[in-house]
Amino acid sequence: MPVVRSKPVANTSVLTSHLGIVRLLEVLFSCVTFSLVVHRGAWSQHHSDGDWCLFSWCFCFAVTIVILLAEVLGFQHRMPISWKNFPITFAMYATLMCLSASVIYPVTYIQKVQGLSSEERGYRIAATVFSCLTTLVYAVEVTMTKAKPGEVTGYMATVPGLLKVVETFIACIIFVFISNPVSYDSYPALKWCLAVYCIFFILSLAVIILCVGECTGWLPCAFNKFLSGYTLLAVLAYATATVIWPLYKFDRKHGGQPNRNCSNYHFCAWDQLVGVAVLTAVNLLVYLADLVYSARLIFIQG
């Protein structure tokens, strides 16, 4: 009888493709980053900042491993998610997470810490460098997998889809700034700003979940019209928050504090208020760009 050779289960060619090599670099760089930090215990002095940095590197490492294993073993088509949308959505979040960690870690654990030995400082600088490299390779993946002109792909691979990720990430940073200490409960107008941040964070996140879960058909109206409608409302609402927040926080007529009254050079509560004002304006611009691209998609499809 002829010998029947079984086909290999693993598709190792995934690892040698350009995208596979980029993902292997993501795994390598993120692993080196958190290994350097954990080896020296250099994340426990400022718990919230250090925990976020360590979580970002470990989370990105773990999810990238899962994505690689799924593609090597051919499990991606058996998962109850859209593989056209999930990897690039994660890569965009990973880029932003590692970017934030690459900024927070050196500021918190190198610049603000006195009396570090040359060896300890070297470890922390090396961790920062590898964190920046991790950010870079995730950004490369986003660039490689982003939809090209005329290409039919998932919504999250388009510019509006990637902007949804940026919108939710910026909103998360705003939540951190306004909640510690609480800075939105002194006037009803500031509570309106909080409502704007919350409502459109939830809607943008819902769009991402619907796309990744391939559930856009659950909407009672056309998906593209829903996107344009809620993005237009987001632009209008964020425009009001962009005016109201600095008016009530920095104008003395409304009980604001126009000047920085911190006694040191460290990041303080007043700096957080400035950060919220800046991030609100940035998110307004992001939503405006989202609206322009979403409207363009409607005209193209029409």
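Glycine too: its Cβ is placed from the backbone N, Cα and C atoms.
Note: TrEMBL annotation is automatic and uncurated.
According to TrEMBL, the domain 'MARVEL' annotation covers 14-150 (among others).
The domain 'MARVEL' (155-299) scores a mean pLDDT of 88 in the predicted structure. Per TrEMBL, domain 'MARVEL' is recorded for 155-299 (among others).
Taken from TrEMBL, the feature transmembrane segment applies to 20-38 (among others).
Positions annotated as transmembrane segment by TrEMBL: 50-70 (among others).
Taken from TrEMBL, the feature transmembrane segment covers 90-110 (among others).
Annotation comment: TrEMBL describes 122-140 (among others) as transmembrane segment. For the transmembrane segment (122-140), the residues of the chain that approach it from at least six positions outside its boundaries are 22, 25-26, 29-30, 32-33, 36-37, 39-40, 42, 53, 57, 60, 91, 94-95, 98-99, 101-102, 105-106, 109-110, 116, judged by C-beta separation under 8 angstroms.
Annotated transmembrane segment per TrEMBL: 152-177 (among others), in sequence order.
TrEMBL lists 189-210 (among others) with the feature transmembrane segment.
A Cβ distance under 8 Å defines the sequence-distant neighbours of the transmembrane segment (230-248), meaning residues of its chain 6+ beyond its ends; these are 167, 186-187, 189-190, 192-193, 196-197, 199-200, 203-204, 254-256, 276-277, 280-281, 283-284, 287-288, 290-291, 294. The transmembrane segment feature in TrEMBL is assigned to 230-248 (among others).
Summarising the annotation, TrEMBL assigns transmembrane segment to 269-289 (among others).
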Please tell me whether the transmembrane segment (269-289) and the transmembrane segment (152-177) touch - that is, whether there are at least 3 C-beta pairs under 8 Å between them, with each pair 6 or more apart in sequence.
yes
